[in-house]
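Novice: Under the heading 5-methyltetrahydropteroyltri-L-glutamate binding site, Swiss-Prot lists Lys19, Asn126, Asp500, Tyr523, Arg526, Cys527, Trp572, citing similarity to another entry as support. The phosphoserine annotation in Swiss-Prot covers Ser182, and the record cites experimental evidence as its basis. The L-homocysteine binding site annotation in Swiss-Prot covers Ile442, Gly443, Ser444, Glu495, Asp610. Among the features that Swiss-Prot reports, L-methionine binding site is placed at Ile442, Gly443, Ser444, Glu495, Asp610, with the record citing similarity to another entry. Residues or ranges marked as Zn(2+) binding site in Swiss-Prot: His652, Cys654, Glu676, Cys735. Residues or ranges marked as active site, proton donor by Swiss-Prot on the basis of similarity to another entry: His703.
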Amino acid sequence: MVKSAVLGFPRIGKNRELKKATEAYWSGKTSAEELLATAKQLRLEHWKLQKAQGVDIIPSNDFSLYDQIMDHSFSFNVIPPRYRLSGLSSLDTYFAMGRGMQRAATADKAAVDVPAGEMVKWFDSNYHFLRPEVSEETDFKLSSTKALDEFLEAKEAGIITRPVLVGPVTYLFIAKAAKGSSIKPIELLPKLLPVYVELIKKLTEAGAEYIQIDEPILTLDLPQEILASYKEAYETLGKIGKLILTTYFGSLQSNADVLKGLPIAGVHVDVVRAPENLDRALAVLGENQIISVGVVSGRNIWKTDFQKATAIIEKAISAVGSERVQVASSSSILHIPHSLSGEDQINPEIKRWFAFAVEKCAELAILTKAANDGPASVRAELEANAADCKARAESPITNVEAVRERQSKVTPQMHERKSPFETRYAKQQASLKLPLFPTTTIGSFPQTKEIRVTRNRFAKGLISQEEYDAFIRKEISDVVKFQEEVGLDVLVHGEPERNDMVQYFGERMEGFVFTVNGWVQSYGSRCVRPPIIVGDVYRPAPMTVKESQYAQSITSKPMKGMLTAPITILRWSFPRDDVHDSVQAQQIALGLRDEVLDLEKAGIKVIQCDEPALREGLPLRRAEWDEYLKWAIDAFRLATAAVQDDTQIHSHFCYSDFNDIFDAIQRLDADVVSIENSKSDMKLLNVLSRYTSCIGPGLFDIHSPRVPPVSEFKERIDAIVKHVPKDHLWLNPDCGLKTRGWPETTADLKNMIAAAREAREQYA
C-alpha cells in the first residue's frame with residue numbers, strides 16, 4: 001500500500017508558543033526546565049496532530065529550539081572553542097552559538113563576550129541556519145542524543161516516527177573552515193561518518209524502521225569531489241539502517257546518477273519544483289527501493305491540484321508498484337504557517353484556495369487514500385478540490401486589466417537613471433553636504449511593547465485615526481531627536497508605524513491578502529507573517545509619504561525615505577504559482593516607482609529601497625542565474641530610476657554571500673548600498689574594491705545583543721578603508737534595529753559614531 005509522509009513540521013506552535021517560551025528563558029523570566037517542558041509538549045502535540053490528519057509516516061528530530069543544523073553541530077561536538085565557556089550550562093552554550101553572549105564579570109564568573117555564529121539562508125528559502133565551523137582539530141563525537149531522545153518520546157506516546165537527520169555530505173558541504181584552518185570541510189568525512197554510524201545504530205536499535213536522511217545539496221551544481229563522497233558515505237551508512245535519502249527544492253539533473261547502486265532504502269524527490277525529478281529518480285532506483293514523491297508543496301500555501309498530483313502518483317505506482325511508493329510533502333513544511341483555523345478574516349472566496357501545514361497533512365492523506373482505495377473513495381474531496389482550483393483560475397481577483405496594460409507599456413528607457421553615478425554623486429554631495437564617513441542606520445528602530453500594543457489597538461478599532469497618528473508622530477519625533485543627539489548624519493523616521501518591512505507595503509497595495517496567525521520561523525525565535533500575493537498588484541495611493549515628510553519637517557538633516565524593493569516583497573511573500581515571478585516583480589516595481597516619485601516631490605532627497613532578498617532569489621542552478629538577474633535588476637531599476645540626479649538612491653542587502661552577485665549589485669545603479677558584513681568575519685572586504693559607487697559594510701551585528709567597543713568599530717573601519725575609497729565609505733549597522741532593545745541600540749550607535757569621529761580625524 002502507498003503511504004503518506006511529512007518531511008518536517010513547523011515547530012513554533014499554533015500560537016508561537018516556542019518563540020514565547022524561548023524569549024522568556026533568554027530574559028530570565030522562566031527556567032530551563034520550563035522551556036524544555038514547553039518544547040516537549042509542542043512535539044507531542046505536533047505528532048498527534050499529524051497522526052489525526054491521517055499521515056502515515058511522521059517525522060521526529062525535525063524540532064529545534066533554535067536551528068536544526070545547529071542541533072547537528074551540537075550533537076556532533078562541533079562547538080567552536082570560543083563557546084566552550086566555564087560556568088555555562090549546555091543549553092546556554094547552545095544558545096550562545098546562535099545568538100552570541102555578552103556578560104559582565106562577577107565575583108565568581110569571568111566576563112563573556114562572544115559573537116554569534118555565521119547565519120546563512122537555507123538554500124533559496126526564507127529560513128536561516130547557523131553555519132557549522134570545522135577545522136583539523138574538530139573532535140567529532142556523539143555528544144548529544146537528541147535524535148534518539150525525541151524518537152523515544154514519540155514511541156512512548158504510541159507513535160513510531162521516522163527520525164530526520166541532515167546527511168553527512170550536505171552537513172560538511174554547508175560547513176566552513178574555522179578561521180586559521182585551510183581544510184576543506186568535506187575532507188573530514190572519514191572522521192564524521194563514525195558518528196553517523198553510531199547514531200543510526202542507536203535509532204535502529206530503538207525501533208526506527210526507517211530514517212530520513214536529508215541531502216538537499218543534490219539539487220545544486222556540485223564539484224566532483226562532493227559527488228564522489230556519496231558513495232563513500234552511503235556505502236557505509238546504508239548498511240547500518242534503512243535510509244530514505246531525501247532531496248528537495250530543485251532538480252537533481254545528472255546528480256541523480258550518484259544514487260544508483262547505493263545501499264539505501266529509498267529516495268525522495270521534489271516534483272512540485274522539478275516535475276522531471278520523478279523520471280530521474282525512477283531511472284536510478286534499485287529493484288526494491290522506495291520512491292517518495294513530493295507532490296504537496298512544503299514551500300507555498302496554495303492548495304495542491306489533486307488532478308495533477310494524482311497523475312504523478314499513478315505514474316510512480318505503475319513504475320514500481322504501490323508497496324514502494326510514498327506520497328509526501330515536497331520538503332519540510334516548516335516553511336508555511338501552522339493552520340488556516342482562525343483565519344476567518346480572509347475573504348472566503350480566496351481562503352478556499354489555501355492549504356497551510358495542517359491542511360497539507362490532510363491533503364496527503366486524501367491523495368494516499370485515492371491511490372490505495374481508488375478515486376471513488378474520496379470523490380467528494382476530489383470534486384471540491386477541482387472546484388476550488390477552477391474558481392481560482394477564473395476569479396477576477398487574479399487578473400486586473402489595467403495592471404497588465406501598464407506593464408505592456410514599460411520601455412527599456414524606464415530602467416535608466418538620467419546620468420552616470422559620478423555626475424549624480426557630485427550633485428548629491430553639493431546638496432546634502434555630508435562629512436567624510438557619513439553615518440546612518442538601515443531604517444527601523446526598536447519597536448517597544450508600547451508601539452506594538454498601540455498599533456494593535458488601532459487595528460482593532462480601539463483608538464481613533466487621530467489618536468494613532470498623534471502617537472506615531474510622537475514616536476517619530478523621539479527617534480529623530482535621539483539620532484540628532486547621538487550624531488548620526490542621515491536620519492530615518494524609525495518606522496514605528498510598520499509591523500513588517502514587507503507586510504506594511506502589501507497592506508497598502510492591491511493584490512495581497514494577510515493572515516492573523518500565519519507565522520513562520522525565520523531564524524531562532526524570529527518569526528515572520530508573510531503576505532500572500534493572490535492577484536495582480538498595484539498601488540492605489542501613497543504608502544509612506546506622510547511619515548517621511550513629517551520626519552523631514554522636524555530636522556535640518558537629510559531624512560531617508562524607506563521602501564522595500566520588488567524582489568524582497570516578492571520573495572518574502574507567498575507568491576502566486578499561476579504566473580511567473582518576473583510578472584509579479586514588475587507589477588510591484590511599478591507601484592514602487594510611483595511611491596519613489598511621490599517621496600521626491602515631498603522633499604525627500606535620500607530614498608532607500610531595500611533589496612535584501614536579491615541573492616536568495618537566485619535559482620539553485622547557475623545556468624539559470626542570468627535570466628533571473630536580468631528581470632530582478634530590471635525590477636529594481638524600474639522602481640528607482642525615475643528620480644532626479646540630486647536624489648540619492650540607497651539600497652540594503654543582508655544574509656547573503658555577495659561574491660557571486662557583486663556585479664549584479666553594481667548593475668542596480670544605486671548611489672549607496674549597505675550590506676550585512678559583520679557576521680561573515682568581514683570576508684566581503686576582498687570584493688569591495690570592485691564596487692564603484694558608495695558602500696556601507698555593516699559594522700555591527702544587530703542579531704546579537706553584544707555591543708562592540710569603540711576600538712573594534714575603529715579596527716573594522718581601518719580594515720575597510722584599505723579596500724574602499726574613503727570618500728565612498730558609509731558607516732552603518734548591518735541591518736535594521738527593529739528587534740533590538742534601546743539600551744544596546746544606544747550603546748552600539750554611540751560607539752559606532754565615536755569610531756567615525758576618530759576615523760575622520762585620522763583620514764581627513
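Cβ atoms here come from the backbone N, Cα and C positions, even for glycine.
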Novice: For a quick check of understanding: given the listed L-homocysteine-binding residues Ile442, Gly443, Ser444, Glu495, Asp610, what is the maximum Cα-Cα distance in angstrom, as an integer?
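Specialist: In whole numbers, the farthest two Cα atoms are 14 Å apart.
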Novice: If I take the alpha carbons of Cys735 (Zn(2+) binding site) and Ile442 (L-homocysteine binding site), what is the distance between them in whole Å?
Specialist: 6
Novice: Just to verify a number: CA distance, Glu676 (Zn(2+) binding site) to Lys19 (5-methyltetrahydropteroyltri-L-glutamate binding site), in angstrom, no decimals.
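Specialist: A Cα-Cα distance of 25 Å.
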Novice: Excluding Ile442, Gly443, Ser444, Glu495, Asp610, please set out which residues of the same chain place their CB within 8 Å of the center of the CB atoms of the L-methionine site, keeping sequence order.
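Specialist: What remains near the Cβ centre is Thr441, Val492, Met501, Met562, Gln608, His652, Gly736, Leu737, Lys738.
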Novice: Over all pairs in Lys19, Asn126, Asp500, Tyr523, Arg526, Cys527, Trp572, the listed 5-methyltetrahydropteroyltri-L-glutamate binding residues, work out the largest Cα-Cα distance in Å.
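Specialist: Looking at Lys19, Asn126, Asp500, Tyr523, Arg526, Cys527, Trp572 as a set, their Cα atoms extend up to 20 Å apart.
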Novice: Looking at the recorded positions listed here (Ser182, Ile442, Gly443, His703), whose Cα lies nearest to that of Tyr523 (5-methyltetrahydropteroyltri-L-glutamate binding site)?
Specialist: His703
Novice: Give the residue from the recorded positions Ser182, Ser444 that has the most other Cβ atoms within 10 Å of its Cβ, counting over every protein chain displayed.
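Specialist: For the recorded positions Ser182, Ser444, the Cβ with the most other Cβ atoms within 10 Å is Ser444.
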Novice: For Asn126 (5-methyltetrahydropteroyltri-L-glutamate binding site), write down the residues of its own chain that are at least 6 apart in sequence and whose Cβ falls under 8 Å from its Cβ; none is a fine answer.
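Specialist: Same-chain residues close to Asn126 (5-methyltetrahydropteroyltri-L-glutamate binding site) (Cβ under 8 Å, separated by 6 or more) are His335, Val520, Ser522, Val528, Pro530, Arg571, Trp572, Ala613, Glu616.
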Novice: Between Cys654 (Zn(2+) binding site) and Ser182 (phosphoserine), how many Å separate their Cα atoms?
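Specialist: The Cα atom of Cys654 (Zn(2+) binding site) is 26 Å away from the Cα atom of Ser182 (phosphoserine).
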Novice: Among the binding-site residues Arg526, His652, whose Cβ has the fewest other Cβ atoms within 10 Å?
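Specialist: Checked Arg526, His652; of these binding-site residues, fewest Cβ neighbours within 10 Å: Arg526.
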Novice: May I ask you to report the DSSP-based helix, strand or coil state of Asp610 (L-homocysteine binding site)?
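Specialist: SS state of Asp610 (L-homocysteine binding site) = strand.
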Novice: Select the closest residue to Glu495 (L-homocysteine binding site) from the following recorded positions, measuring between CA atoms: Lys19, Ser182, Cys527, His652.
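Specialist: The smallest Cα gap between Glu495 (L-homocysteine binding site) and any of the recorded positions is with His652.
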